[in-house]
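Below you'll find the structure, written out as structure tokens, and then a few comments.
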2 protein chains.
Amino acid sequence: MKEKLYIIKIGGALIDDPELLDQFLEQFSEIKEKKILVHGGGKLATTLADKLGVEQKMINGRRITDKETLDIVAMVYAGGINKNIVAKLQQKKCKAIGFSGADANLIKAKKREHPEIDFGFVGDIEKESVNRKLISKLIKLKLVPVFSAITHDKKGNLFNTNADTIASVMAQALSSKYDVELLYCFDKEGVLENVEDPGSVIKKVSEEEFSVLKEAGKLHKGILPKLENALGAVKNNVNKVFLIKETQLKNHIESHHGGTEICL
Amino acid sequence: MKEKLYIIKIGGALIDDPELLDQFLEQFSEIKEKKILVHGGGKLATTLADKLGVEQKMINGRRITDKETLDIVAMVYAGGINKNIVAKLQQKKCKAIGFSGADANLIKAKKREHPEIDFGFVGDIEKESVNRKLISKLIKLKLVPVFSAITHDKKGNLFNTNADTIASVMAQALSSKYDVELLYCFDKEGVLENVEDPGSVIKKVSEEEFSVLKEAGKLHKGILPKLENALGAVKNNVNKVFLIKETQLKNHIESHHGGTEICL
């Protein structure tokens, strides 16, 4: 039987709220099984870019990561946020070790290719991008990897990569070795039938149901990429995938209570 | 016989010069023996602080690291600079892995204590601060640790710590297990009899000679802490300690040519 491994993704809203983040990290540190944390960025990078007068470039409504923006996100994500999370986890006796994808070539990305748009320093990844051998070795040393969403191309360039995608792809890569449970933690109770009603959690969403919900316009924009990444994980042998509320992590681990399960 | 381990420190001027840095990293990546890189900060943090309107606070001529300054140096050192160095080394097929002292509790510092001055988020370290067991395990995985000069106190706080000191203390901590050679790389040919004359390199400096040179006012300010840290290493069983010019790393490794050796 494969050993259990939790891969847990947290995002912007949580990172921007120190008290909530601390509460979450407390729950995270209490998980007894093997675990990996993947974190997004929050508003800090945008705030810093604004202060420095670095404009956000958009082409056809898509965000471009130019060199100046990359320099900022690399600093903020892999430096400021990542090291602060690691220090807080260390305080809670969790053996956290912070990484970008460049470190030990843990996640090697390719610059995004697009027929019309040059996205700049945006890196796309696939299952083979993940250095699962080394990640397994680090986990075996009882370390708890904490990943920022910065990757590299092994040609000396850093990239900005979607954190939801990193969590999904890492879960896929590690599923051959571990019994992976992938948890997307966010500020909602799960996928909601009615976004205004926290009680309207849909307990299970399959690929088919996802299409129906999407067609019906019932999914707000923010949740779409999360669900697509979650489905990608399920389709690629990740054993369990859930969307849960950040404050419910402990409840979920202990009783699988609440949240939305994503399934085939 | 103990295995050879190079601990190599680089500083600001090199980090601020991309071309020179690349040349150095090329030489560093060619070292066949086990190795660790420790890097300082450069001007980037100061530039950023200026742009953000964060003033450098001084008390009695000593620099204070307040929370705003710490947030900046953590971002710049552990994020921007560290990850860029790691990405460049990965490009050169060196299995670099970037760390702050918070990661895996690799360097645990104590807030600097002083009877009159509160230095803020400045961390002091000693031999016992270094997690040498885990660093040895990482080195055994053929990884090349790259340390930024950010540490933590295991109480959730990050600290700014002198990079020269980190290199010295790490060399001391690892000398029980490895045959350590500590190299301080900087922009001079070594310790100079006459700072205007690159040909006036003093080949060896002992503790006694250091006192004589210091008394005679022959050492410029910048080199004093470097020499004190270098002597601290020699006195604590580090096998070899040199100050060399950054561009001479390869020459030094191959033939021990040039530079100043620090000895008892």
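Glycine too: its Cβ is placed from the backbone N, Cα and C atoms.
Bear in mind that the values here come from a model prediction, so they are computed numbers and not experimental data.
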Given TrEMBL lists B:Gly41, B:Gly42, B:Arg63 for substrate, the same-site residue among B:Asn157, B:Asn160, B:Asn194: B:Asn160
Least surrounded among the recorded positions, given as B:Arg63, B:Lys226, when other CB atoms within 10 Å are counted: B:Arg63
Pairwise Cα distance maximum in Å, substrate-binding residues per record: B:Gly41, B:Gly42, B:Arg63, B:Asn160: 16
Cα distance (Å, whole number) from B:Lys226 (site 'Transition state stabilizer') to B:Gly42 (substrate binding site): 16
Per DSSP, three-state class assigned to B:Gly41 (substrate binding site): coil
Spatial neighbour of B:Lys226 (site 'Transition state stabilizer') that is closest, considering only the binding-site residues B:Gly41, B:Arg63, B:Asn160 and their CA atoms: B:Gly41
Cα distance (Å, whole number) from B:Asn160 (substrate binding site) to B:Lys9 (site 'Transition state stabilizer'): 16
Averaged pLDDT, computed only over the residues in the domain 'Aspartate/glutamate/uridylate kinase' (B:4-244): 95
